[in-house]
Amino acid sequence: MNLLPPRVAQHEKKMGTRLGSPAIQLLLLIIGSALFLINEILIKAVTDNPFIHGHLNDILIIWAFIPFLNLLLSLLPIFRTFRIVTLRSCLLLTLLIGIVWEYLLPLLATVGTSDPIDLVMYILGGATYWLLLKIIAAIPSKSR
């Protein structure tokens, strides 16, 4: 049973690749994690830019979280063919993450505060993750 939306399946057939393949998702996880760490360790140390300190990691963490989730889904038999690879699924997931992290968790814990700009950054992270996914998937492979 293929749970991928028909448009995704058609695109994958046309491109000769699987957008949700473990290899592509692992590459995206490495890219997202590396950029997050570079920002956290190196860039923040040399700048006082409020965007770099307050919001860039909200975008970059999504670049690591979605492929991590896709890799986990690939390990579960019931979700083996389900991936977060469409723009709609990326935006809905990041909206849900933002609502939980920025609004529900601060109600339960006293250590966090809600920031609506962070919610926008999570969604922007989902949209840019999707763009990065499309760019990487469009790179021709020697095996095709």
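Placement of Cβ uses the backbone N, Cα and C atoms for every residue, glycine included.
Unlike curated entries, TrEMBL annotations are predicted automatically.
Features as listed in TrEMBL:
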TRANSMEM  21-39  transmembrane segment
TRANSMEM  59-79  transmembrane segment
TRANSMEM  91-113  transmembrane segment
TRANSMEM  119-139  transmembrane segment
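Stretch with the largest number of CB pairs closer than 8 A to the transmembrane segment (91-113), among 21-39, 59-79, 119-139: 119-139. Sequence-distant contacts of the transmembrane segment (119-139) (same chain, at least 6 residues past either end, Cβ-Cβ under 8 Å): 15, 17, 19, 24, 27-28, 31-32, 55, 58-63, 66-67, 85-87, 90-91, 93-95, 97-99, 101-102.
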